[in-house]
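Per TrEMBL, the features are:
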type: ACT_SITE; residues: A:13; note: active site, nucleophile
type: DOMAIN; residues: A:5-190; note: domain 'DSBA-like thioredoxin'
């Protein structure tokens, strides 16, 4: 059986963006399948007693993160922009990601991340979401309608609950089938190696 | 001129322990000199409004960190023990580390880390500190006396202030001569590569 991992990401998260840019090539090299699982990290922060990201709470940590993003984006050859506000409200984008078929979700999510962090666009704007859906080739009206159903709203809540139950406290987090967590864009390689049994 | 980095570490920090185990070989491979700079991370946490580590404040983060430490220690082939309490009070150990000559500091620090995280011993215990000094070959009474001088106490405060001024908010942090910060044991390779000009 092909080894696989779950890629838990938050569409408002800078390091989830980097991981989304990197994970497909790394997984393909290693023959590992990746399941893209968007969730709402803000809900988990709230349960911990925080109403925003640590990058906004601790100034030095935020300053470091943005500089680190500059270095990573330089290396990946993509521009970096800071959306206002940061973090963005990712609710509608996350619902739309879940509403799409599995094989359109990576493309859509990467388009959202690039709009947000390469162009500084607002990902709560339905026009930005529509652009991202169009890039997947999936039918726009169907996706928009599906994202507003109770079924999808409920599914996103369930996914976020599941992330929390697994012990996810930040994004991105890779979870392997044996229940190991690897937190952070800088641990992708290690997580994928773990999944195929090389420790 | 030989490239160099500053290795800022906290003697009570789990990931500083891993970095201390790894940095010398990685730096030697790359021809980079490493300056070992102990500081008190607790002072920086306090200035941010926290009275302990995030690993104790956020349960899921703490659980993850200890499991991650198990995986790392397995790979490095060293045993892992949890000191009680965690984090340990590292004041006396940090003063002693600073009191020692530069070339004894790495050996002393690694001995402290191993007592703490491989054997679960208390690093505020003068007997544990004495053992670690002995492993460096440096004269014990001289080190103990020096650690209690105002000069050394003041020097440690100044080092911690300097870390904060540089933007350090966690440990370990590698700082390159051009002022770049790299936070975390998982970024050592990248920091050392940056220092020798390979981005």
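The backbone N, Cα and C atoms fix where each Cβ goes, and this holds for glycine too.
All annotation found in TrEMBL is predicted automatically rather than curated by experts.
With a 10 A radius on its CB, the residue listed as 'active site, nucleophile' counts 25 other CB atoms from all the protein chains. For the recorded site, the residue listed as 'active site, nucleophile', the DSSP three-state label reads coil.
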